[in-house]
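What TrEMBL annotates here:
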{"type": "DOMAIN", "residues": "12-119", "note": "domain 'Aminopeptidase N-like N-terminal'"}
{"type": "DOMAIN", "residues": "155-381", "note": "domain 'Peptidase M1 membrane alanine aminopeptidase'"}
{"type": "BINDING", "residues": "His227, His231, Glu250", "note": "Zn(2+) binding site"}
{"type": "ACT_SITE", "residues": "Glu228", "note": "active site, proton acceptor"}
{"type": "DOMAIN", "residues": "460-785", "note": "domain 'ERAP1-like C-terminal'"}
Amino acid sequence: MHVKSTVNFKACDEYVLTIPFTGNLTEEWIGYYIRSYVDKESNQTRWFAVTQFEALGTRKAFPCFDEPEYKATFKIRLGHKKGLTSISNMKFMNQINCPSNSEYVVDEFEESPPMSTHLVAYTVADFVFNEANSEDDQVKYRIICRKELVNQTEFAINLGPKVLKYHEDYFHEKFPLQKQDMAAIPDLSTNSMENWGLATFKENYLLIDLNVAKIDDVYDVGHSITHELAHQWFGNLVTMKWWTDLWLNEGFAEYLGLRGVDFVFPESKYFQVANVKNFLLVLNLDSLQSAHPLSVAIGKPDEIAPISQDPITFAKGPILFHMMNTFLGEDTFKQGIRNYIHEYKFSNAEQDDLWSSLTEEAHRQGTLDKNVTVKQIMDTWTRQTGYPVLNVVRDYSAGTVTLSQERYLSIKSNGTDNKTCWWIPITMTTSGDLNQTNAKFWLNCENNNLTTPLAKDNEWVIYNMQMTVLFRVFYDTRNWMGIICTLNDPTKYETIPTLNRVQLILDSLSFSQVGDMDYEITFQLLKYLKHEIEYTPWLAALSGWRKIDNLLKRTPKHAVFQNNIRDMLSCVYNKFRNMEEKVNGYENIQLQSLVISRACEYQTKDCIQRVLDLFRKWMKSVDPDNNNILPKELKDTIWIRAIQYGGVEEWNFLWGRYQRSNLRSDKDDMIFALGCTSIKSLLLRYLNWLLDDSIIPKEDAYTAFDSVTRNEVGFSVAKEFLYCKISDISEYYQPEGDGLVKYVNYIASQMKTKEELEEFKSFIIKSSGYFKEPDLVINQITETITKNIEWTSKFYNKILQN
């Protein structure tokens, strides 16, 4: 920016630049924008204005140097009509009548500490407040929402103060503001935003009705709250210098948010379950050639949004922080974080600053060799694409094992990538010594083909204890068979830790999928599941089977495959088949939900009949909206399968419940379930409704379309809808612009033949004018479909011989 002065400036004098500025409230989801909702009690439209500034929205609201490194203090004054309330980052000071308009007042807020522009926030609305009880010297903590949802604030109002105290203790730094507001916004472009002192959330990420909500939804809301409160220190008090370190900002808040849920609900093992889910996501996405490093250099404004919305940003980060916490030790890691926060508070920092703080503390405590730095280790994980596979080759006659690494790719490249290597902390255990869990040494570029002694009488060796590091492990066949013998012994399988059982399942399925290991060996390993009683191994297995199931859809062998999985599930299904029997404990509830969901999906007759009976009993109940008799942990499964196997009457009934529901998590599940019908006329009507925001809100349309594409009957209907309505879809999602690409990717994920690929590429080329980057779209769908084609050609005729 250039400012011309009419006078010559004098050295050492202070000058104040004032910029008159007038702007309109935007209708976009960025900047200071206006939205409305319908008040159910009065049936009147209510308007509100709210900010969403990350990443580049502040400049739309007022003149500023809109980059995170330019911190400033802010003093906000908001004018609004009487009867409405304004809120901002800081504590309210006073209100005066507007001298120019008697219907308006002006609210003034305290001046903020130095902060980045994207964290400034304010809103004007008719929302109500629920304030937590707190001691005089504690932070004022409030939940803000629409009046009709105030009964859903109890969980958040009780959780927040505990989490603030947890974070204060973790960072060893008092919360720097006098108040913390958490606002539920009816229409927000992001799930949640950490604005300092005024965090904003989509309603279902903050509010929940404990009487009807599933335990998974309750804990997910808890995680959303703990994540945004972690940002008040890591992200707000200390802020990244530039968007390149967005992963650091989000990754650590996600890590500490998961830890925070475990602190509040120590019996849940929520962190362990969430970490496994992150592994499932990252192992899949990061194995593609098109993957990108976690730390991506940002050079242009339009490069920020794709990274901020990338699941890798939120999933890979916490895995790596957990890895650091493990190899440095809890005390070293936590103190290093505290040192970093203390040194850079009210300022900015970057990735290397955190690595320096951790290195200094690790060297001081002696938990890291003086010749090694955290930067050396972590640059290999954050600045490189992908993750490694550890190849384990035993020489049984010599009593040795040789370790080597290479990048793992789900589609083999023509040449081996010898340039990529990682610093891998090596942990292991053997059948002879189950307690060998400490890191023995590091495998890196300098010792990437390392042979060490290993007693020949060990039946097996397993690496990566507790699955704390992001890599796969490929063993020789004899070692796999030794592991399989132990797993298939009901008295011994638990000697292999739960998370290592998870990794063995994930790795064996993946190695078979790319052709490195016979499916016969993998299925021998998976037979042990008949006596598995823990949730995460079943989650891993059923996630792997889901990939195979998707690839067999719309083929003659699909029914045979489903029959095999149905048999595998029969034992654990019998444990949970009584759907009305209450199950206790987070993981047990998760296991029950998963098993019943998949038993019905794989057409277990008993499961389908029980679901239909329960749903039809609910249909006949008095006041079904307020008297939902379904087991709350199984509602989503019951809705999906009742719609799939029911008729028009069931569909219309659930559509009515969706329209009347006041619980966001239920609406999300219902909108997905409605796309599962087998009736084509219903599907076509449903898809056309996706382009009418007055029938199905835009935020629900993605879920609905995804559901229809996954439906065996619905796939062809969804594809034809995309082909015929591409112009309408493109126009509907402007100016955001990424809606059409999401629809395309949903369709591509279900394709698996060369003919489908050529047809879809031809469609994209013909419709290139609707895409900002058509070549990128073609590359993405080509890789996705090619991966499916390769698997189908290699394994379609082999998969069911075992």
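Cβ coordinates are placed from backbone N, Cα and C, and glycine is handled just like the others.
Note that the structure is predicted; figures quoted are calculated from it, not measured.
His227 (Zn(2+) binding site) is surrounded by 27 other CB atoms, counting those within 10 A of its CB over all protein chains shown.
In the shown protein chains, 27 other C-beta atoms lie within 10 A of the C-beta of Glu228 (active site, proton acceptor). For the pair formed by the residue listed as 'active site, proton acceptor' and Glu250 (Zn(2+) binding site), distance between Cα atoms is given as 9 Å, rounded to the nearest Å. Looking only at the domain 'ERAP1-like C-terminal' (460-785), the predicted model's pLDDT averages out at 90. Within its own chain, His231 (Zn(2+) binding site) has Glu194, Ala199, Asn249, Ala253 as residues 6 or more apart in sequence whose C-beta sits under 8 angstroms from its own. Sorting the domain 'Aminopeptidase N-like N-terminal' (12-119) by DSSP state (H, G, I as helix; E, B as strand; all else coil) yields 6 helix, 42 strand, 60 coil. Neighbours of the Zn(2+) site: apart from His227, His231, Glu250, residues of the same chain with C-beta atoms within 8 angstroms of the site's C-beta centroid are Glu194, Glu228, Ala230, Phe234, Gly235, Asn249, Phe252, Ala253, Glu254, Gly257.
Applying an 8 A CB threshold to same-chain residues 6+ apart, the list for Glu250 (Zn(2+) binding site) reads Ser308, Thr313, Phe314, Gly317.
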